[in-house]
Structure formats: C-alpha cells, structure tokens
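Visitor: Below is one structure. I have some questions about it.
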Amino acid sequence: MDTRSGSQCSVTPEAIRNNEELVLPPRISRVNGWSLPLHYFRVVTWAVFVGLSLATFRIFIPLLPHSWKYIAYVVTGGIFSFHLVVHLIASCIDPADSNVRLMKNYSQPMPLFDRSKHAHVIQNQFCHLCKVTVNKKTKHCISCNKCVSGFDHHCKWINNCVGSRNYWFFFSTVASATAGMLCLIAILLYVLVQYLVNPRVLRTDPRYEDVKNMNTWLLFLPLFPVQVQTLIVVIIRMLVLLLDLLGLVQLGQLLIFHIYLKAKKMTTFEYLINTRKEESSKHQAVRKDPYVQMDKGFLQQGAGALGSSAQGVKAKSSLLIYKCPCHFCTSVNQDGDSKAQEADDAPSTSTLGLQQETTEPMKTDSAESED
C-alpha cells in the first residue's frame, strides 16, 4: 500500500504510526470481542478474573466463620456471577450500526479508501467503506474497521467496541467488577485482622480438627484441601490484596468517569473531542501571546527566564498533553496532529473513531484505544 501523501493515494480508514511502525486497520472487519486476534489485555482480564475467583472462593472465604462464610458466598458469588454474565454479553454483542449488521458480509475484506473520490469516510450519513447509510451518532472505528452505532470508545479489555448496543453491559461490567473488588478487600482485611487477633476464628472448618500445628493452613476447601505453611498464605494474601487494590483504583476511576459522562449526557468520544479542542485553544493562545515564549523546554517572559528547563518542560506538558481518566480503556493522540480522525462534524485527534479526513495519509504516534 502506498502511504505517501497525495490526492490519488488509496488507503484504509486510518494508517497510524506507533513507535515508528506503521499500523493499519484490519482488512476483515471485526464482529465482536471474540474476533481474532484476541488482544493481550483480554487474556489478562480473564486470567485475573479466574485467579481472583479461585483465591476468593477456594482460599479466603473458607477461612471465615460459619455465620460469615455463607453470607460471603451468596453476596460475593452473586456479584462475580453477574459480572461474568454482563462481561460476556458486552463482548459478544456486535455493536455495529443496524444497516451494517443487515447488509455487511464480514467475511469479505474492506475496500481501500480513495481520498481522490471522497473527502470523508462518512459523508451525509453514508459510509464509503461500509457502503451503507448510518445514523447521526455512528462513527467508523479504526480498530474494528466498521461503523459503530452510538460510538463511545474501543475497549481492549473486552476486545470490542463500546456503542449504544452494548454500552450499559459495559457499564455494568465495570460497576460489578468494582463491587467485586470491594467485597474481596473486605474479606482480606477481615482475615488479616482475625489472624493478628485470634487465628482460631479462621480455623472453624471441621477438617482443621486433624491439623494440630497452628502454622499449618488448608487451602482449596472444601473439595481439595491442601496443607501449606503460614508464610505461603501470607504471600498469597499480600499478592491478591495488591492486585485487588491496583484493580480497584483503575476501575474506580473508570466508573466515576462514566458516571460523570452520563450526568453530562456525553460519550467518551465526545468528551475527548471537546477536551482536545480546549487544549488546542489554550495552546494557540499561548503561542500567540508575545510575552510568553516556549522554546526547547524553557518558559520565558520577555527576556527573563521564569524557570529551569525541567520546569519549562513541565509547564509545556501541562498545556500540550491530556490524559483521559479512563486511560486503561482509551487513549488519545498527544502530538496535536489533526490528521488522526475522519468524520463530518468536527476535527479531533482522538484515535477512538474516524473523524475529520484530510488529503494526506494519517500518521500519528498513538494509534489505538487502551481498555
């Protein structure tokens, strides 16, 4: 494929440069989260879910007293089960525009986009790549290479686009994961406190009657009891607690961010569009100010330097770089290149969907969403 600039150049929706390597959208459109190749974020998601489930239901809940044990099984089990269901639904749904689902043959490769014929991928609500009429909220996702109705963002954690068809399942996935993390932290803290105060409270299972050594604990109760030393239990508990806290911080940020978006009646895509416009306006204002000069990391006013090189870099970064609160789901190109998008409404450097088209092939430093 020729990726040189020129009006006669035919390219796929977006060609993006990541660490000096040109990355192109898939020629075969993705159907849902199970379309190959699976992103490694998705593999990590399932590995963490399985690992935390085993630790919760086979190691730590069996240590609880009988009165708390069954409550923990019901509450935590219900949350984990609900999370599994909504996660699967969010991944399995095809979020494409209704006309795309009705008329598109997913086994056929996508056509190349000819910039000499069309200024935009979507014009007058018609996609020149999907060859269908789409609704006003539809965007053409560069990661799935198809039009997504009510496009919000492309989530690598579920390996699927998030649009109007699966948004609430995605939101429920995040909310239930956060609730599950909170339940697990409560269980871990209870086990830790009881171990320090009265370890016998954690040894109420009948199988402990045959264990005389107080430094010996049983894991994977009640089906496959395995005897281990206290140090092993402590190491497992600390690793699970660390993983749980890290996950809770990220999921909590993401959940709060999407609650904020719903309160503002915005999508992630629209939020990034507006934010990038504000950042661009601030940057332009600084560049036009004759008393403020930013050059090679120095912030100067007139002839007098106001800070060191490091301070200048920090000040410059604060004006030029924006990081989305949901950075584990989405990322936005930070080089200020307006050639990263294609659409009919407003230009943007967000890499979540295709907005304003230009006459040159799109080359950006950041190419994909990170969920």
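Every residue gets a Cβ built from N, Cα and C, even glycine.
Just lifted these from Swiss-Prot, have a look:
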TRANSMEM  43-63  transmembrane segment
TRANSMEM  70-90  transmembrane segment
DOMAIN    125-175  domain 'DHHC'
ACT_SITE  Cys155  active site, S-palmitoyl cysteine intermediate
TRANSMEM  177-197  transmembrane segment
TRANSMEM  216-236  transmembrane segment
TRANSMEM  239-259  transmembrane segment
REGION    335-371  region 'Disordered'
COMPBIAS  360-371  compositional bias 'Basic and acidic residues'
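I'd like to know what surrounds each of these features in this structure.
Guide: Residue counts for the domain 'DHHC' (125-175) by DSSP state, with H, G and I taken as helix and E and B as strand, are 9 helix, 16 strand, 26 coil.
Proximity of distant same-chain residues to the transmembrane segment (177-197), defined by a Cβ-Cβ separation under 8 Å and at least 6 residues beyond the stretch ends, is recorded for 52, 55-56, 60-61, 63-64, 68, 72, 75-76, 79-80, 83, 237, 240-241, 244-245, 247-248, 251-252, 255.
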Visitor: Other than its close neighbours in sequence, what residues sit by the transmembrane segment (216-236), given a CB gap under 8 Å and a spacing of at least six beyond its ends?
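Guide: Sequence-remote neighbours of the transmembrane segment (216-236) are 55, 58-59, 62-63, 203, 205, 207-208.
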Visitor: For a quick check of packing: other C-beta atoms within 10 Å of the C-beta of Cys155 (active site, S-palmitoyl cysteine intermediate), how many?
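Guide: A 10 Å sphere around the Cβ of Cys155 (active site, S-palmitoyl cysteine intermediate) contains 31 other Cβ atoms.
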